[in-house]
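The feature transmembrane segment is assigned by TrEMBL to 37-57, 64-81, 117-137, 157-190, 210-234, 254-278, 374-396, 408-430, 451-470, 500-519.
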Amino acid sequence: MDHPISDDPKSPLLPLHHDPDPIQQSQNILSGLKSTLTLKTLFVLLGPLLCTIICLYVKLDGPVASRNMLAVLVWVFAWWLTEAVPMPITSMSPLFLFPLFGIASADDVAHSYMDDVIALVLGSFILALAVEHYNIHRRLALNITMLFCGDPLNPPLLLLGICATTAFVSMWMHNVAAAVIMMPVATGILQRFPVGPDQSVAVSKFCRAVVLGVIYSTAIGGMSTLTGTGVNLILVGMWKSYFPEAEPISFSTWFFFGFPLALLIFLALWVILCCLYCSRNSSQALSGYLDKAHLKRELEMLGPMAFAEKMMLIVLWMTRSITDDIPGWGTLFKGRAGDGTVSVMMATLLFIIPNKKQKGEKLMDWNKCKKLPWNIILLLGAGFAIADGVRTSGLADILSKALDFLEAVPYFAIAPAVCLISSTITEFTSNNSTTTLVVPLLIQIAKIMHVNPLLLMVPGAIGAQFSFLLPTGTPSNIVGFTTGHIEIQDMIKTGLPLKIAGIAVLSLLMPTLGAYVFGTNEPVQ
């Protein structure tokens, strides 16, 4: 019998005399337990459980802080790998775990979440949002596609133009942002082709080639510059953290090595795609649906380039050209200005320069910055905090002692192995997490081998970007997979030879060009 609800404020909200049904009560309890004891809940408990086991049963030949650091590492990586807790929240966990376990003070940990590298990322993301807002990416893509279209239509040349455009855009912004920006441009071209039973085999193959080319070109283009991907920034931050007295890796230094590396891997990608997906009769099959006239009409619809777009191109050019180690305005600050200084200053100018569209309106406003990927920024900060913790806690010294046997292994044997291991791990977890896990260990291995740490750090970090086999390897792969044009077997068929080519190119360039650019023949203190 239902109890009527009384209007008297003094009456109880629940009936005072009501005997619950035992069967119903037990069912509610069981239902509550089932909703609580899920796989995700077990993964949440896995991190603290592993941490506790290490603290109670693992004994290291070093200070207590080193054992605690190992326990915290296992906790954080358990959450990262299982994604039991959202990655941005896990990335903030060192802010409370390090002080609680006596590894570092709260102030010291917090400093890792905002340094010159993080500032470089923030400024770069704001620039990327501005590029997206003013449709510069679309204008650039249409112009380059028209340039490479050919007359008559040349599918391999058109594929080269689309992939090259994507790689170029990815050089100046994060891989995910580049994929999100360029995939609509690519699928817009593919929408001109028939779908379903009417689609020929040649058209289907070309559609797959375009989507695969875009997602892989974002990864390859991001290798060229420090701003292209968070992995490069993590590497630079760890190098600066572990070796503060050494020469820092500047924007231009990385570019001199990263661009030739990316160019060779990009050419390998293009050759693989042409061999697998561009048949001899593809030109005839595609020419009826795609021509220069259509591209020209689409470009005309965008209208003439506005003042705001021209200013954005100028800002991008300045950001690309000025670094603190090239003679210019940076020399006025006697080395105090870093790459983050340039990036944030250029981003700040966007909020000052008028766009000449409406009175008082600037090139950018803060509302457009609501899409800033704070998750990536927090992940970078966590990587830097972990690198500092591994070093200051003494865990790095203990790891180096355990790796004495590697001293006799020749570099030419271990460098490809490092790249292969890193590129395999990254298929199952994020590129940034893989780098954060692998690079500190490689530093200790390099010390044992008495070689410059960059000889192993660079292959480990770049290998973490070779996530070419699975859709879950990186968000960029997911962007392409959701278009419906590709399947997992397409990624494996294309990604496996591309991964092998990438490892071969990196293993060849690191001891040659890398030795010249990074000065790896010189010892590091």
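Cβ coordinates come from backbone N, Cα and C, glycine included.
Taking pairs at least six residues apart, the transmembrane segment (254-278) and the transmembrane segment (210-234) share three or more Cβ pairs below 8 Å and count as touching. Within the chain, the transmembrane segment (408-430) has long-range Cβ neighbours (under 8 A, six or more residues past its boundaries) at 80-81, 87, 379, 437-438, 442, 445, 449, 451, 455-456, 459-467, 469-470, 472-474, 499, 502-504, 506-507, 510-511. Tallying C-beta pairs under 8 angstroms between the transmembrane segment (451-470) and each of 37-57, 117-137, 210-234, 374-396 places 210-234 first. Counting only same-chain residues 6+ beyond the ends of the transmembrane segment (210-234), those with a CB under 8 A from a CB of the stretch are 117, 120-121, 124, 159, 162-164, 166-176, 178-179, 182-183, 186-187, 189-190, 249, 251, 254-255, 258-259, 261-262, 265-266, 269-270, 273, 277, 339, 343, 376, 379-380, 383-384, 431-432, 435-436, 439, 461-462, 464-468, 474, 476-477, 479-480, 483, 485-486, 490-491, 494-495, 498. Residues 67-68, 70-72, 74-76, 78-79, 82-85 of the same chain sit 6 or more residues outside the transmembrane segment (37-57) yet have a Cβ under 8 Å from a Cβ within it.
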